[in-house]
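Visitor: Below is a structure I'd like to ask you about.
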Amino acid sequence: MARLLNRLTTTPTHFTLALKIALLSSVVAFSGAAFADEPLKEGITPATDASQVPAAAKLRKDTVVAGISEPQGIFNPYFFVNGWDENVTNVIFSRLIDWDSHGKLVPGLAESWTVSPDNKVYTIKLRPNLTFSDGSPLTAEDVAFTLTVLYDPKYDGDTDITLANIAGGAEYKAGKADSVSGLKVIDPLTLQVTTTQPGATTLSKIGGPVLSKAYYGKDYQRGNLDYLRTLHGKPLGNGPYVYEKYIPGQEIRFHANTHFYRGTPPTPRFIYRVTNPSTNFQLFQTGETDYDAFTSRPDDIEQLKLLGFANINLYGSSDYSQVEFNVRRPALQDVKVRQALIYGLDRQKLIDVVYQGYGKVAIEPIAPISWAYNADGVNPYKFDPTQAKRLLDEAGWKPGPDGIRVKDGKRLELTLLASKKVLNDALIPIAKENWQQIGVLLKPQVVDFNALMAQRKSGNYDLASFSTSTLNDPHDGVWDFYSTEAKESGYNNPQVDKLINDGNAVLDIEKRKPIYHQLYTVLAEDPPVIFLGYRQILSASSARVTGFKPDIYNGLTGSLPNVKIVK
Amino acid sequence: MRNFILRRLLQTVPMLLLASLIIFMLFAKTPGDFIDGNITLTAARAAELKAIYGLDQPLFTRYLHWLGQLLRGDLGFSLQYQIPVSQLLNQYIWNSFLLASVALVFYWGIGLAVGIASALKPNSLFDHLVSVAVFAAMSFPTFFLCLLLIKWFAVDLHWLPVGGMTNTGSDDSGLAWMMQVAAHLVLPVMALVMLQAGSLTRYFRASMLDVVKMDFIRTARAKGLRERTVIFKHALRNALLPIITLLGFELPGLFSGAIITEKVFNWPGAGHIHIDSLAARDYPVLMGFTLFLAVLTILGNLLADVLYAWADPRIRVRS
């Protein structure tokens, strides 16, 4: 996911710019004042004129086409590397436990589950009569096999199952046991998972997609997963659609799964077509795609509205952008300096410039769409250069001859690591100017993303700007601030550690809410990062199809079982 | 001639070895590796993965391992695509080759024709018009030109597809498939030709003009030969000599992909995997692909030398 996000946010501005110039003539000519300056509301804005659906799209009687950026062909939900392949596997594989649009866990293949009073033992009940798309039965054995593979010493995928703390997992990985003792198949429909410590994210880790043991486990031996690679291009799943064909760099084809547990999807065929940000609008406009994601910027939205046949959907993302402090640096060890840097940065201006009305200043490590978001009483750090200067004075940094503050003979100069992307293009000049006014000299270093991460790891930085990946649980947004995990930044706050532990130790959302609220308040007082912004995502579907209602937790694939072609 | 070719072939061996060392060091020394870019990993998991991929090994061990693989004809295994690098390249480079070679035929044809024509009548109205057109075409930013072509021919006129290589969901094969590919080729080829023909025209024109000024041409004219014979028989062959070298250099370009053009037109070529692999630090792909291009460059040079020797007997005599 990290890589996907990096790519999403580094959408080349040149292309968008050129697109605009190329289309400017038509837009200027035909857009009256009718649409101007009316910001789009979150949710679906229906098409105004369905008769405008392009002829090319109408020709497809039984197929829906959605755009995808760069699938790589690893169609196994536990082995893909980039998020685009995740989008593909989500079509083919259903999860045991799903998320609703606010990030709460809801039944998927699992009908229900119970958790022991000490929050360590999970009993998961499958729906009856589940099958894979080839008609073979899906049982608790398959789930146990899936989780076992994740504990294989050679497993190199992105899922870190050790965070689920299943009993006996470490022993299996080390070769001391022949199976994972915490996985117990009670009967074909019931799996009992015993963990060594409670964890709020455990259930979502256990409740992922299910691999068929008969298909993926035929040749399985511990320590040998190479054979699995040959199956990456021949997935067998249980999702709404069945994988048919992948033409590298062009398209991926699927047909409806007649064994899908929620009933055969109404549209017989589904295709992901490879598009890119520079021409996905034209492909949608000419009817070659029925669905795609676009940049949530006023100009792009105007153009979509002008098409008439676009159902436009605007929804919140669950990631956030941030600038991390390297707390090991003497100047930044002082909490007052960190606070001053936040007060002294006009984040509202930054967000306005970058998202042009379709983003929000971030104040805590969770997006507003989550159940855990609660801004009450959390210091919003409204832009206040006077306050920033006062804090720097208090910290002992006095203005030097050239206006840059000095303490013990050292000037307040800070390096900022940033990768090339739209957000940073705006952040660098704004921060430079803002901080200059409070007496801080900013020295930006623009490098590519991997280089940024490598340099951050070496500890050779003061500030680093990067966005998080998509976050499903509030724990995903804060684990990085835990003293043993924050190796790069050196952030260490025992109270934060305790609250992170507490928030992850209970499963009841109502009990977790106050813990996270308190945690966010503490993080605001002793900030590990400058929270920058939350963004909104824009997608559009053709009026010729109904049922697309994506959100950040389920993506477009959550809608697939309901997508219908309008007759 | 055979000795000449053999000697040149032998010379390529140390060159390739050096190229492999440089390529390896270049990528291995670039900050960040495949695991570093993934911010969702805990430190423990990141260390485990580095061990699985051998990224925790010392540089020299990694190089020897890679070299050993290469000698067995194995380009390695892509980290982000999880298939052998050779298979990955096979999926994309032929598409790039198709696009680039069709474009090459056109822009070399146009370049040659226009170059000769304007050299026949230097400083004529035609020559001036060509100069203006050439500079106009050359000065277009690639992505802008591509988008303009899409807007005109695909969006407004509906004549040609916006992008891709075939129609989405199409099961056509044989002639119908070829027609589809041809239709999808038109716009990217047009863009590439417009962008490339310019400089080539200038080059041919200059080369022709240089030759036309030479003594032996004057002699040929003085002998009373027809202008057509002078140009096509005497001048052209000599003007083409330096151009052979240029053709040799085109070889790697045929496979490496015109990155921006392919990207804008969604052409499933090799350009984007190179960029992707760099962004993800997918070393096996990066090193394998770059080495492949290095081999092509060396081969292209060799080919140019051989052709040159064939066309210009003086080289053979001296060697």
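Backbone N, Cα and C define each Cβ position, glycine as well.
Summarising the annotation, TrEMBL assigns transmembrane segment to B:9-28, B:92-117, B:129-154, B:174-195, B:239-260, B:286-311. The feature domain 'ABC transmembrane type-1' is assigned by TrEMBL to B:93-304.
For each feature listed, report its degree of burial, its nearest neighbours and the pertinent distances within the displayed model.
Guide: Within the chain carrying the transmembrane segment (B:92-117), a Cβ under 8 angstroms from the stretch's Cβ atoms is held by residues 126, 130, 165, 181, 185, 188-189, 192-193, 196-197, 200-205, 207-208, 231, 236, 250, 253-258, 261-262, 267-271, 273, all 6 or more beyond its ends.
Away from its own ends, the transmembrane segment (B:129-154) comes close to residues 114, 117-118, 160-163, 186-188, 190-191, 194-195, 197-199, 201-202, 205, 260-261, 264-265 of its chain (Cβ-Cβ under 8 Å, at least six residues beyond either end).
Residues 1, 4-5, 8-9, 12, 15-16, 19-20, 23-24, 27, 66, 70, 75-76, 85-86, 89, 237, 240-241, 244-245, 247-252, 255-256, 270, 273-274, 277-278, 319 of the same chain sit 6 or more residues outside the transmembrane segment (B:286-311) yet have a Cβ under 8 Å from a Cβ within it.
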Visitor: In the same chain, which residue numbers or ranges, 6 or more beyond the ends of the transmembrane segment (B:174-195), come under 8 angstroms Cβ to Cβ?
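Guide: Same-chain contacts beyond the ends: 98-100, 102-103, 106-107, 110, 137-138, 140, 142, 145-146, 149-150, 153-154, 160-161, 163-167, 258, 261-262, 265, 267.
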Visitor: Can you name the far-off residues of the same chain, 6+ from the ends of the transmembrane segment (B:9-28), with a Cβ under 8 Å from a Cβ of it?
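Guide: Counting only partners 6 or more residues beyond its ends, the transmembrane segment (B:9-28) has Cβ contacts under 8 Å with 59, 62-63, 66-67, 70, 281, 283, 286-287, 290-291, 294-295, 298-299, 302.
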